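Engineer: Got a structure for you, written out below as structure tokens; questions coming shortly.
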Amino acid sequence: MSKKIAVIGECMIELSEKGADVKRGFGGDTLNTSVYIARQVDPAALTVHYVTALGTDSFSQQMLDAWHGENVDTSLTQRMENRLPGLYYIETDSTGERTFYYWRNEAAAKFWLESEQSAAICEELANFDYLYLSGISLAILSPTSREKLLSLLRECRANGGKVIFDNNYRPRLWASKEETQQVYQQMLECTDIAFLTLDDEDALWGQQPVEDVIARTHNAGVKEVVVKRGADSCLVSIAGEGLVDVPAVKLPKEKVIDTTAAGDSFSAGYLAVRLTGGSAEDAAKRGHLTASTVIQYRGAIIPREAMPA
């Protein structure tokens, strides 16, 4: 029987500059991960569900249609009257450096745990095999909704499910660093697999040797710690099994076009192998291969035919 993973988060409308024109698309860290998992697994082994809230507008419908086309199940995505998806604009300067502007205060995704349907959705999610979320999934919620989400994660684990967390830290989405540290600590205490980006760890906790970062994460109760280091090797530490160092795929500089979804796609490649019975080392190799392919194309979601075999 197929196992089920629910990816929880927010997808936004993306506006980006293309010469003198503005191009419209959509994006979000967890959505990127869900699409790249779905592209790399047999649905008979693992089905991918995306959990968020959207409006009843045409932009929201276009998002849903696109996700269906990627074999991402949206049966647990809510549609909310009088709400819209969030929006962000990417401005690119003459050197290629990007600046992001966000409009998300009233985005539907912030309120997915406050609706009448949320209790029934949580009841269903508590029986999934895997729940995946990121720091952004937590950041956009009210403190009350965050507590509901943490309760759901604990219930899922009590039912035999596993929780997967990516530490994606965006300071502007949080009231303070202290608040984030407190929430992340609670999150790690109910996490089975943690994906850590060192830049985010350093920004939140202060710069520490990677060994200390891994030890702190294990001490919080996380069994499997995956440290993503961009173009450098990835480190995987499984409690009681030691450290695995897996080299990245090296690309010539001119091949690197856009690193927007590098981390999201690495996590997807890793999970596509790991959650279907593969070893941590093979999972990390697939993560590197996926990320190294994605960064050779512009935009977060690359053409399906460009995916590695």
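The backbone N, Cα and C atoms fix where each Cβ goes, and this holds for glycine too.
What you see is a predicted model, and the numbers here were worked out from it, not measured in a lab.
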Engineer: Need one residue: from ASP264, ASP282, the one Swiss-Prot lists with GLY28, ASP29, THR30, LEU31, ASN32, TYR88, TYR102, TRP103, ARG104, ARG170 for substrate.
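Structural biologist: Same substrate site in Swiss-Prot: ASP264.
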Engineer: Among the binding-site residues listed here, ALA231, ALA262, which has the most company in the form of other Cβ atoms within 10 Å of its Cβ?
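Structural biologist: Checking each of ALA231, ALA262, the winner is ALA262.
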Engineer: Report the nearest neighbour of TYR102 (substrate binding site) in space among the binding-site residues ASN168, ARG170, SER233, ALA262, comparing Cα positions.
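Structural biologist: Comparing Cα positions, the candidate nearest TYR102 (substrate binding site) turns out to be ARG170.
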Engineer: Of all the binding-site residues given, namely ARG170, ARG229, ALA231, SER233, which is spatially nearest to ARG104 (substrate binding site) at the Cα level?
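Structural biologist: If we rank ARG170, ARG229, ALA231, SER233 by Cα distance to ARG104 (substrate binding site), first place goes to ARG170.
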Engineer: Compare the C-alpha of THR30 (substrate binding site) with the C-alpha of each of the recorded positions ASN168, ALA231, ASP264, and give the closest one.
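Structural biologist: For THR30 (substrate binding site), the closest Cα among ASN168, ALA231, ASP264 is found at ASP264.
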Engineer: Need one number for the substrate-binding residues GLY28, ASP29, THR30, LEU31, ASN32, TYR88, TYR102, TRP103, ARG104, ARG170, ASP264: the maximum pairwise CA distance in Å, whole number please.
Structural biologist: 22
